């Protein structure tokens, strides 16, 4: 039997991952040689994007410079996922509930899945994982794969690492072998919460890093913000009683935090915020690209406030206040080794 | 009584620190308001550099764009350190033995000191700390202060952090209060070995990061090298039985590693190495600036080889081999999540 692999999501990261897997499966006997990539249909000059991808082998909207292998087949029909053995979820987190509800009850028995989605689900004062939501709603196993993976670099075949978690030994090997190659190197760790939280919280830190950069700070200051952010991620693990410190040394931890701070979308938004440009204007400037940092900062702040712990997370709290409560960007300076100031 | 503070070293970092402390002492009653800065005399158009600094209040050779406070007095006479209560060592590590031997036996009773010097002493198959060497040779306490501190940024008053260690409570407060301010924030940790090793080993990692950048790699790959380097630093702690993992989350750890990889001298040298330029040519290009990474890579490699552990530190070993054994720069790719490849 060969595993049939489908990717749910055809944005820039989904497309980059489709290319990686389509190249990998050609060298692997256990996986069907065709990769299905589902995407929400869009029209470019009235031509469906799926049709453009299937005929030109280029995702002209999201990854226009990359030629895709011909064994990727794009579709906008969720029914085509029905015979998949492995589902890879790579969609913006605000679309998760809608799509998961549409495919509920339609999947093949024994399907396994992995989420590359960054974000958490905050409701009723509690933090939940997207991978758990997928797993519980569809009643299938769902792991998580995160890492320092700028989409265009993965698409270009630059060497990258990823961290896989939330899988048992058997699933772990099936998923790891699908992704693993000389250009994409997968490590498996036993810490689903830690891996998935990293991917979420880094967006708040990278906003903070961007704010500093936008105010004209040097590297010493920006890196101090990143470091204090890393410490707050670590302390957030402790507050939740979930996540292992050692996971922060994995690709999903410090590496992903670093690339997000240096080149991510939230970093860029942070730079504008540091220049006192409003969130609304920034969203316009970014041409409708989804920004997850501010929403995450809000969710995390609400969670912390609910626990009366917001003062113990000065960076997370300040990023929220700068985004939503007219706090001035330079309030962020108080988050850098704050103890050493107050001790004086 | 007021503590008399002297800085041993007047390069760019020594001068930046002199400026920081000279500004701080004016607001502090416990410290004498004049800072002595000793430097090895050099002549600019036949005029002694100390004389230039004392008359123009600019270190025209090492920090030409920065106006220094007038309460810094430069000298090239080591005897002027004799009445100091606090000595701050900021010299390149290859000059340590010579200078320490010259001041041995000349110091005031009760003097305390702190080393900002990056490097270790490797001899007879063992690794020793510079702070311990200073402390043992002069028979005085010597702490260590390291952090993400690009000299020019400290000199410009950009907010920076530092990590202080190796001091008892009383000395710790005296030294911390001297450095601590709104623009320089000092945290004290109990891990002399960890703090000082970070400052040394990061130079090997930043060479590796530079090598990747020089070969044209993207951020995913460069950050993967940084992360694997961080893991090797952590494993080096374990091999030595010294250093605490949590120290890697301090400014001397991940922050200093990051600024060194992004902007340090060894990173720049690594970039040239990645372009297959020889170490000799690089030293010429860098106009005689001291490069500590290659020598450190060699010392660490020899130590590891002596223990038969070089294979467990693929990045440290590869950086050494690329620098000194004609290994090709792309050998570094084997250091990125190497287990995930060999597991295949």
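Note: Cβ is positioned from N, Cα and C throughout, glycine not excepted.
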In TrEMBL, B:9, B:10, B:11, B:12, B:13, B:14, B:95, B:151, B:265 are given as binding NAD(+), so which of B:2, B:292 is in that site too?
B:292
Please give the substrate site's span as the largest CA-CA distance among B:118, B:265, B:266, to the nearest whole angstrom.
13
Nearest recorded site to residue B:95 (NAD(+) binding site) by CA-CA distance, among recorded positions B:118, B:202, B:266:
B:118
Just going by other Cβ atoms within 10 Å, which of the binding-site residues B:9, B:11 has the emptiest spot?
B:11
Ranking the recorded positions B:202, B:266 by other Cβ atoms within 10 Å, which is at the bottom?
B:266
Taking the mean position of the Cβ atoms of B:118, B:265, B:266 as the substrate site, which residues outside that list, in the same chain, have a Cβ no more than 8 Å away, listed in sequence order?
B:202, B:203, B:206, B:260, B:264, B:291, B:292, B:293
Would you mind listing, in sequence order, the residues at least six apart from residue B:118 (substrate binding site) in the same chain with a Cβ closer than 8 Å to its Cβ?
B:93, B:146, B:199, B:200, B:203, B:292
